[in-house]
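Have a look at the structure below, then the notes.
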Amino acid sequence: MPSSVVFGTNEKWRINRNIFVLGFAFMIHFTAFHGTANLQSSVNTDAAAGTFTLAAIYFSLILSNIFLPALVIQWLGCKWTMALSFIAYMPFIIAQFYPHLHTLVPAGMMVGFGGGPLWCAKCTYLSVVAEPYAKLSGVSAEVLVVRFFGLFFMFYQMAQIWGNLISSAILSSSLGDVTLYSNETYLNADVIASFNYSIPAPDYGATCGVNFCSGSEEHDNSNLEPPSPLKIQVIAGIYLACMLAACVLVAIGVDSLSRYNTGRQPTGHGKSGLQLLAVTLRQLRHKYQLLLLPVIGYIGAEQAFMAADFTQAFVGCAYGIPNIGFISRHVNRLAPKFMSFDGPSALETRPRTMADVLFLGSHLGTADAVWLVQVNALSGILFPGDEEAAYSNFRLWEATGSVLSYASAPYLCVRTRLYVLLGLLLLGFSGYTTIEVMEYKVKKRHHQERNFELVTKTEQD
């Protein structure tokens with residue numbers, strides 16, 4: 001590797017292009033993953049296969065974040081780690097063609113094993129390219145890290161919109177619906193529904209929303225009936241093509257990070273697998289890392305709540321599985337309009353209309369968007385040179401929050417889970433605020449010392 005790289009006048013444009021291509025590839029890839037994951041708790045309900053699959057994903061992600069990121073990045077580099085990690089997600093989509101517990105759970109484990117290196121490589125890439133961009137532009141690297149993460153997560157959050165839109169468009173179609181015969185006349189579900197039956201409308205509010213308990217025997221709810229297998233297979237086929245496209249896009253459209261980190265030794269350079277594990281766990285000796293743990297755990301638990309509880313309890317239960325994607329799409333689009341801190345507490349109210357569901361879900365969407373950008377960027381700023389270990393810890397504890405949330409979903413009612421979320425958020429907000437106060441004091445003290453040195457030097461002259 002050359003000792004230095006001389007950048008041309010168009011290098012800033014090239015770095016921006018890399019970030020845009022990377023964000024677009026992640027958007028395509030996670031359009032497929034989130035679109036599939038959001039349906040698991042409502043579609044694959046036999047033996048709670050969907051929920052346990054999501055738990056398996058984040059359980060394996062815990063192991064992945066401990067053992068794999070620094071090692072895989074050392075072997076492959078950030079670019080090829082991301083491209084090949086995308087492939088590890090594909091068995092999860094393929095398993096939707098034959099959705100049973102023994103096929104879904106191993107496929108979910110593969111997602112987790114790929115997710116650790118994927119996210120750590122992405123975070124490292126964005127943090128490292130901020131340094132040469134700062135030298136070229138004169139803008140602080142700290143400011144650029146936040147800007148780059150914000151740009152990336154703009155694309156990433158759009159994945160929820162497109163994935164949910166694709167899922168609901170197919171689920172609300174008549175594709176694969178059972179056709180009934182009456183005097184050799186075909187009657188589909190819409191025709192049958194048009195007959196004037198005097199059946200009283202059920203009160204879904206009593207068992208949906210915050211009152212929903214997935215293990216309850218009281219759910220005699222036609223809204224939660226799974227869609228036809230053909231619809232799921234069509235969705236899976238589209239999503240598999242999306243993942244293939246994302247893999248190719250990173251492989252041919254993103255520059256290798258070796259172009260920008262010349263002479264920079266990563267945390268895991270030259271270390272064995274056990275030593276790399278020690279690097280990840282040793283990161284916990286930093287007081288800042290410990291203070292970040294509660295909010296990182298909240299991020300994981302909140303994402304699990306949105307994927308499992310919100311889609312099933314607030315949307316599927318009350319408005320039907322085909323509306324999960326449409327409502328989730330609006331939730332993600334409206335999210336930036338609301339304050340992040342009110343998410344879990346806002347859901348304590350009982351939604352009576354679809355507008356209520358959109359409004360309440362938007363609070364959680366906002367919390368996800370704000371905390372993801374802030375905590376990811378802060379991890380890069382607080383631990384320069386230790387990005388791999390810092391981001392590995394981020395994914396490790398985020399996954400821990402998710403797996404605990406998914407694993408408890410079949411046993412805890414939604415109201416109880418909301419109280420847990422709110423407690424985690426308060427604890428996480430306290431830790432995050434403590435870090436900001438400590439950093440402010442350090443910078444203020446450094447500024448005062450610098451001024452004292454200047455005054456002393458002036459008096460001596």
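These residue numbers are counts, starting from 1, taken along the chain as shown.
Quick reminder: no glycine exception, Cβ is built from N, Cα and C everywhere.
Per TrEMBL, the feature transmembrane segment maps to 19-37 (among others).
For 49-73 (among others), the entry in TrEMBL reads transmembrane segment. Sequence-distant contacts of the transmembrane segment (49-73) (same chain, at least 6 residues past either end, Cβ-Cβ under 8 Å): 37, 39-43, 81, 85, 92, 99-101, 104-105, 107-117, 120-121, 124, 214, 266-268, 271, 273, 276-277, 279-281, 300, 304, 307-308, 388-389, 391-393, 395-396, 399-400, 402-403, 406-407, 409-410.
Sequence annotations record features per position, and here TrEMBL assigns transmembrane segment to 80-98 (among others).
According to TrEMBL, the feature transmembrane segment maps to 104-121 (among others).
Marked as transmembrane segment by TrEMBL: 133-156 (among others). With a cut-off of 8 Å between Cβ atoms, the residues of this chain six or more beyond the transmembrane segment (133-156) that come close are 7, 11-12, 15, 19-20, 22-24, 26-27, 30, 122, 126-127, 369, 372-373, 376-377, 380-381.
Sequence-distant neighbours of the transmembrane segment (232-254) (same chain, 6+ residues past either end, Cβ-Cβ under 8 Å): 18, 21-22, 24-26, 28-29, 31-33, 35-36, 39, 43, 79-80, 82-84, 86-87, 89-90, 93-94, 96-97, 99, 163, 166-167, 170-171, 175. Annotation source TrEMBL lists transmembrane segment at 232-254 (among others).
Taken from TrEMBL, the feature transmembrane segment covers 418-435 (among others).
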Cβ-Cβ under 8 Å with the transmembrane segment (80-98): same-chain residues at least 6 beyond its ends: 22, 25, 29, 32-33, 36, 53, 57, 72-73, 104, 106-108, 110-111, 113-115, 117-118, 121-122, 125, 232-233, 235-236, 239-240, 243-244, 246-247, 250-251, 254
